[in-house]
Amino acid sequence: MSFDFIKNKKVHFIGIGGISMSALAEILLEKGFKVSGSDVKSSEATERLELKGAKVYIGQISQNITSDIDLVVYTAAISKNNEELLKAKDLNIPLMDRAEFLGEIMKGHKYNIAVSGTHGKTTTTSMLSSITLEANLDPTILVGGNLDIIGGNVRIGNSPFFITEACEYKESFLKFFPFIGIILNIDADHLDYYKDIEEIQNAFIKFGKLIPKEGYLVCCADDRRMEKIISNVNCNVMSYGIETGDITAKNICFDKEGRAFFEVYKSDKKLFSLNLSVPGEHNILNALASISVSLILNISVDNIINGLKSFKGTHRRFEIKGQRKGVVVIDDYAHHPTEIKATLNAAKNYPHKRIICVFQPHTFSRTISLFKEFTAAFDNVDELILSDIFPAREKDTGEISSSMLCEQIIKRGVKCRNIKDFDSIVQYLNNILTEGDVLLTIGAGDVFQVGELYLNQ
C-alpha cells in the first residue's frame, strides 16, 4: 500500500509518544496535516506535539478513532487486540505500521541514508547529522534519541537528504529505501523474533540488497559477518575499521576522560587527524562510519572535523547527568551485553575511584536468550545493583528474574545485589557512595530515574 501525501490529510498515530512515532507525527504537522494520536501516558514528546497542534489522547480506546481519519499508523509494540486498531479495521480505515509509513516518507527524498546495526545506530546517526548540518546540506533527520543540536529527535529539512536509523527488529528496515545503507555491526539480539544469529545476518543481507546499483553500502570490515553481506549486494561498497577497511583509524590514543585522538586513512593515504568529544573505543568505529558516508557525499575535511568535534553526544548515551558530593552520575542506554562492555570500558577510562553500576535488564526474552553473556558483562565494575527487569512489551512468566542473574554474577566474583525499587536503590547508594566514585545507570527502560533521584535529593 502507498500513501497519497496530497489527498490524505488526517493521520492518527497509535503510540504517538514513541521516539520514532513522535518524529513522524512532527513531520506531518510541519507539512500541514491534521494529526491525532494516543499513548498510554503523557510525556515530553506528547506535550511537544500538542503544542505544535496535534490532538493527543492519553489512553487507547475505540472512541479515539473517527470515520474522518484517512490513515492510522501504529507501532509494532501494540497488541493485535488494541481497541483503536480494531475500530480502524471496522471502519475500513487504511492501516500502516511505523516502518512502512517511514518508508513512504523516504520515497520523497533522493538521498536516503539509513543507519543500521545491532549497536551504535543513534550515536552514528547523530554524528552524521552533526557533519551534514556543518556542511549546510539541510537534511531531514530522524534519530532514536534527543540530540541537542536539532532540539529533539527530529529535524525537518528542505533538501533531498534524509537521515534515519534503521532497526532490524521484525525486519522493519526492509520497508525502507536507502541510497546509502550503513551496517555498523551484526550481533545476537531480538531473539524473541529471530531464531539465531544466521537469521539476523540474513535480514541484513536483505537490507543490503535494497540499495540501488548506484548507491552505497557502508560497513565495518572488522566484523567478520560483513563478508557475506558484501558478496550479496549489487551496489558500491565502502568499508571502514580499526583493523582493516577502505577507511581506517591509526595511531589511536585517549585523553584522561577516555576521548580518542586518531589519524584517519583512506587506503595508505592519511586524510586528517581527529579529536572526538565523546569517550570510548566504540565511538571511533561510529565516527569512521559517519566519515565514510561524508566522503561519499564529498563533504569537505574541515566540515567533517568540525562536525565531529562539535558532537558532544546524545541524551542517554554516556550522558553525564551531574555531580553530588563528588560523585559523578552517568547514564547510558546500553541494554545488550556488547553495549554494556563498551560503556564500561569508556567508564574505566573516565577519572574514578570506583565504578558503581545500576543495571535494569530490558525485556524478559532478551535476559533469557543472552543470560550467559549478561553474567559476564559486568566484570569491570566495583559493585553492581540490579533492579527488576523492565518488561517493555512483554509479560512476566516467572521464567527469569534479576535475582537469578544476580546469583550467577556473584559466582564470577562481582559484588552484586538485587534491589527491586528505585527509592530503595537510592537509599542504598547514599550509604555506599563516596567522593570520587562514578555512579553509572545502564538500561533501555527508566533506570535513568535512579541517577536523577540521587542528584535531586
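The backbone N, Cα and C atoms fix where each Cβ goes, glycine too.
As recorded in Swiss-Prot:
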BINDING   Gly117, Thr118, His119, Gly120, Lys121, Thr122, Thr123  ATP binding site
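Feature annotations (Swiss-Prot) mapped to structure.
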residue : record           : Cβ within 10 Å
Gly117  : ATP binding site : 24
Thr118  : ATP binding site : 22
His119  : ATP binding site : 21
Gly120  : ATP binding site : 24
Lys121  : ATP binding site : 24
Thr122  : ATP binding site : 24
Thr123  : ATP binding site : 30
Whose Cβ lies within 8 Å of the mean position of the Cβ atoms of Gly117, Thr118, His119, Gly120, Lys121, Thr122, Thr123, the ATP site, other than those residues?
Val115, Thr124, Leu184, Asn185, Asn286
